[in-house]
Amino acid sequence: MVNLWEDMETGPNAPDEIYAVVECLKGERNKYEYDKDIPGVVLDRVLHSNVHYPSDYGFIPQTYYDDEDPFDVLVLVEDQTFPGCVIEARPVALMKMDDDGEQDDKVIAVPVEDPRYDHIEDLDDIPQQTLDEIDEFFATYKNLEAGKEVETLGWEDKQAAKDAIEHAMDLYEENFA
């Protein structure tokens with residue numbers, strides 16, 4: 001069986017175009033995680049707060065970030081896909097975040113194969129309402145989990161997202177190549 005984290009490339013033209021492996025689905029409370037040892041997607045938990053993922057959420061293959069996990073990516077989609085789905089996407093922004101004292105930033109991306117997102121090239125192209133909903137979700141989704149503390153730290157542009165992806169690719173190479 002293919003290991004979606006280790007066996008797939010980061011993207012067809014990373015960091016400009018990446019692959020996003022979906023774990024969690026838009027509109028749902030289930031927190032799935034890819035378990036590379038199985039390999040497969042497993043239910044990690046159901047979110048304790050009454051919130052749902054604002055869009056499909058997962059990771060970028062062959063990346064490793066400062067939180068010692070594959071680099072997180074939220075892909076703006078109209079309709080949810082499914083856990084394990086691979087979306088070819090373009091990074092357009094970076095959300096800075098601290099999760100229990102660890103840097104846990106999120107790449108925001110759009111699907112290459114959805115013309116509804118062709119006009120979104122950078123942070124300034126994302127509607128403010130969408131950014132507010134994403135920020136609200138990540139700022140509050142762990143509120144009812146004992147001992148968990150999350151702080152969103154603002155937004156950065158496409159270049160910052162691409163730089164962070166390159167950093168995560170380098171960390172993967174240093175730790176796993």
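Residue numbering: from 1, along the chain as shown.
Backbone N, Cα and C define each Cβ position, glycine as well.
For reference, Swiss-Prot has these:
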BINDING   Lys31, Arg45, Tyr57, Tyr141  substrate binding site
BINDING   Asp67, Asp72, Asp104  Mg(2+) 1 binding site
BINDING   Asp72  Mg(2+) 2 binding site
Using only the residues recorded as binding substrate (Lys31, Arg45, Tyr57, Tyr141), report the maximum Cα-Cα distance in Å, whole number please.
15
Cα distance, Asp104 (Mg(2+) 1 binding site) to Tyr141 (substrate binding site), nearest Å?
14
Among the binding-site residues Asp67, Asp72, Asp104, which residue has the fewest other Cβ atoms within 10 Å of its own Cβ?
Asp67
For a quick check of understanding: among the binding-site residues Lys31, Arg45, which residue's Cβ has the most other Cβ atoms within 10 Å?
Lys31
Can you name the binding-site residues among Asp67, Asp72, Asp104 whose CA is within 10 A of the CA of Tyr57 (substrate binding site)?
Asp72
For the recorded substrate site, enumerate neighbouring residues of the same chain (Cβ within 8 Å of the Cβ centroid of Lys31, Arg45, Tyr57, Tyr141, site residues themselves excluded), in sequence order.
Cys24, Arg29, Asn30, Tyr32, Asp44, Leu47, Tyr53
With an 8 Å cut-off on Cβ distance to the Asp67, Asp72, Asp104 Cβ center, who else from the chain surrounds the Mg(2+) 1 site?
Tyr65, Asp66, Asp69, Phe71, Met97, Asp99, Glu102, Gln103, Asp105, Lys106
